[in-house]
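Have a look at the structure below before the remarks.
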Amino acid sequence: MTTSMRIMSKIICLFDVDGTLTAPRQPIKPQVEKFLFETVKKEFDIAIVGGSDISKIKEQLGGGNITEKYKYVFAENGLVSYKEGKKLPSETIQSAIGEDALQDVINFALRYISELKLPFKRGTFIEFRTGMLNISPVGRNSSKEERDQFEEYDRENQIRQKFIQALKKEFPDLLLTYSIGGQISFDVFPNGWDKTYCLRHIQGYDEIHFFGDKTEEGGNDYEIYQSDLTVGHRVTGPEDTVKQLKILSALINEHRAKELSNVPMQCI
Ligand SMILES: [Mg+2]
């Protein structure tokens, strides 16, 4: 790679949604959105990778045309992908593990939930998505307050952890990954269909900078944060993401300025 190519190095910033660009399940704040589109996008391409389905990501990021506003939008870890507004082909969980095994998992999970006593329960315990099952012991219909309460209860009682252990014990041969994300649920998907899945769609960049909040082992940003294909940034929330983007931008500008000053005269 020549010096002049390095100066032109192409960078894309890839953001998790919940806890990174927005508070959990909340819409993006206007000042964060403004910063992304009026500052960051001028310097880098920007992309989104969320575990939720596309309608929830659209809801949180402010509407219909987000697939055109971001270079890539990856819903369900990239099983549902858009590049510059166009949908890319996708695989499904049922094609990967087979209908029979999938139904065994669903039946076991429903049975397990039916025997679980919690301070409260609401509805929608299993959400079927393109590339994963999202399982919520308390139910996805919980209100914001109930989500906060369950998160606290789960922290003390390890409801999700124990549920995952039971699934692993019941299905030792299925090549499935269990991943805790958000406040009330966990995802179940074929091995390798974590957020790194979306990286196969990203081409033509020298650096992919990933920003996520659940980067610890078992968190839904762990694999992509650790991946050799990305530069990982661990954030504590949207304000921290903005702060780290400012630092990244300053570092890169400094680096580019340095490289420019190092270019021999005949190369300019
Ligand atoms: Mg997150």
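Backbone N, Cα and C atoms are what each Cβ position is placed from, and that goes for glycine too.
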Recorded alpha-D-mannose 1-phosphate site member, picked from R129, R200, that accompanies R25, R140, R147, S185, D187 in TrEMBL: R129
T230 (Mg(2+) 2 binding site) - helix vs strand vs coil (DSSP): coil
Distance, S185 (alpha-D-mannose 1-phosphate binding site) to D213 (Mg(2+) 1 binding site) (CA atoms, angstrom): 16
Of the binding-site residues listed as D18, Y225, T230, the one whose CA lies nearest the CA of R129 (alpha-D-mannose 1-phosphate binding site): D18
In the chain carrying R140 (alpha-D-mannose 1-phosphate binding site), residues 6 or more apart in sequence that have Cβ under 8 angstroms from it: R122, G123, T124, F125, E127, N134, I184, S185
The one of R25, R129, R147 whose CB sees the fewest other CB atoms within 10 Å, among these binding-site residues: R25
